């Protein structure tokens, strides 16, 4: 293989490695915190993919999304590992 072909192959492998997810974290952990439209004030936890931590938020009690955990331990087990 020519040196140009090897460089192209190396570049493609590098791009593939950069775009392939590293963790086995479930997709729900990538969702934003969603309070929902209801007015209850329920203490809940969500995974913040930018800080790589589970954080507290106030859940309204309805709708929202799956990135919503009753305890920080449950959030950590699911999303942090």
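Along the chain as shown, the residues are counted starting at 1.
Placement of Cβ uses the backbone N, Cα and C atoms for every residue, glycine included.
Swiss-Prot annotations:
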SIGNAL    1-24  signal peptide
DOMAIN    29-79  domain 'BPTI/Kunitz inhibitor'
DISULFID  29-79  disulfide bond
DISULFID  38-62  disulfide bond
DISULFID  54-75  disulfide bond
Which one of these disulfide-bonded residues has the most other Cβ atoms within 10 Å of its own Cβ: 38, 62, 79? 79
Candidate with sparsest Cβ neighbourhood (10 Å radius) among 29, 54, 75, the listed disulfide-bonded residues: 29
Disulfide-bonded residues near residue 29 (disulfide bond): from 38, 62, 75, Cα within 10 Å gives 75
Based on DSSP, tally up the residues of the domain 'BPTI/Kunitz inhibitor' (29-79) by helix, strand and coil. 10 helix, 15 strand, 26 coil
Out of 38, 62, 79, point to the one nearest residue 54 (disulfide bond) in space (Cα versus Cα); all of them are disulfide-bonded residues in the record. 79
List the Cα distance (Å, whole number) between residue 75 (disulfide bond) and residue 62 (disulfide bond). 19
If you average pLDDT over the domain 'BPTI/Kunitz inhibitor' (29-79), what do you get? 97
